[in-house]
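Encoded as structure tokens, the structure appears first; notes follow it.
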Ligand SMILES: *[C@@H]1O[C@H](CO)[C@@H](O)[C@H](O)[C@H]1NC(C)=O
Ligand SMILES: *[C@@H]1O[C@H](CO)[C@@H](O)[C@H](O)[C@H]1NC(C)=O
Ligand SMILES: *[C@@H]1O[C@H](CO)[C@@H](O)[C@H](O)[C@H]1NC(C)=O
Ligand SMILES: *[C@@H]1O[C@H](CO)[C@@H](O)[C@H](O)[C@H]1NC(C)=O
Ligand SMILES: *[C@@H]1O[C@H](CO)[C@@H](O)[C@H](O)[C@H]1NC(C)=O
């Protein structure tokens, strides 16, 4: 099944009343019409949530699995990826419930895992090493995908989406087409290349103190891939075509990724030439801020990173306001709010919604910390919002995911007592190769037998697409907008859960 993204947003008519709670651990959100009982005994275990959020990535691994693989119902898969073109492209992550390796969201996932870890690794305890492994599984693959960058070649996808989506089959048995999509100087893809550069650069910062050679390798490659992205401009929509789009079309254009890539390169190299690139070209994204942040749209992430730099060096510069403007589009009490909130308090932007919840929560949390350390607040119209309020909203989203919602249900698989049973995920929904070593054919009898049954293998940590605007969730595997997990939902939640787990340990 596919993933698609709708940007349509309409403004909620309901008047929101927010109850500011003195006690941080017991927040409830009240809307004019619906009161959500504050579950006073709701005590999420954020440490558990953090470790499961990271563990999920092991379930998405492609390629030869290492001896320390913990998600042990999975086995090696797609180890011949790339062989058809004479390149080793094994490894990396399946993006979601299918078995395709989409380069654009894979790179974004890696960037966000690295950003989560950069901000919060000191709050992760023992989980930091698992976060590093999750990043490295992404970067090892991105290094392979970019191994021919000297010749202006970047591999941006493995797996024919149409062939893959027509088959309900475990990745271990896959016999669908593993076609490789590639961008070149004459068939460019600046968004996917610049996001790949961002991922490599951000990750190089993680490994700087852990493995210097590896870090240097990532950084050198990031520089080359960015140069390629910038020099040969164009969208992979056009170069790769139907293969990647309509699944991961670049709706927001590639200029945001060029700025984003340059910003991460600036952070990783300290080279002013990258900052100058951002500074001179910032006008590229001067149009109305859409209040989006995700694999397609980096605007808000750019504004938050720029805030951090300008607040120290050029605090009177107007570009500082961009991050506040963004948060005013999100905060419930803001007169400029454009996102909706469900009666139960969930941020709602579009179908396959949890990706918005996760990346916006992460960004609010990171921004709150940048505000806090510069003693700033956010001004939305007549309202002044404190950094702690941004934290509170991020926490309300984390809690909603973990079960503080009208369904009393955790939307993270394997967390809590009640969680989705029919996650839209091929491997998780079919018997494991450990219990059934015989090959399961494409749409074989097993897939029909299992159609409505609970998943036999728990994809621990998978956060699903989530409920609709009225907090209703349908545990139906075919309803993929609600039941499918993706790597780019979990990546920012790694940072969010790390922060709250640290706070919980220190109350
Ligand atoms: C939270 O979860 C962690 C990891 O699963 C566990 O070790 C810990 O005991 C749990 N804490 C509480 C208070 O239940
Ligand atoms: C990519 O394709 C989508 C869908 O056709 C289109 O809306 C979008 O404008 C395209 N993006 C670019 C940068 O060409
Ligand atoms: C503010 O900073 C941005 C980013 O560096 C830069 O593009 C812009 O020219 C600056 N504006 C002023 C008025 O200095
Ligand atoms: C959720 O829990 C609350 C409080 O315990 C209860 O009032 C409500 O009926 C429960 N809702 C569902 C759908 O189980
Ligand atoms: C949410 O799903 C339920 C059950 O299908 C439906 O009754 C309700 O209208 C949906 N809400 C929205 C806003 O679509």
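Each position is counted from 1, following the chain as shown.
Just so it is clear, glycine is given a Cβ too, placed from its N, Cα and C backbone atoms.
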Of the residue ranges 7-25, 26-44, which one carries the transmembrane segment annotation in TrEMBL? 7-25
Given a 10 Å Cβ-Cβ cut-off, pick out the one of the active-site residues 475, 484 that has the most other Cβ atoms nearby. 484
If I take the alpha carbons of residue 424 (active site) and residue 484 (active site), what is the distance between them in whole Å? 5
Whole-number mean pLDDT, the domain 'Glycoside hydrolase family 9' (46-496), equals 97
Residue 475 (active site) and residue 484 (active site), compared by Cα position, are separated in whole Å by 10
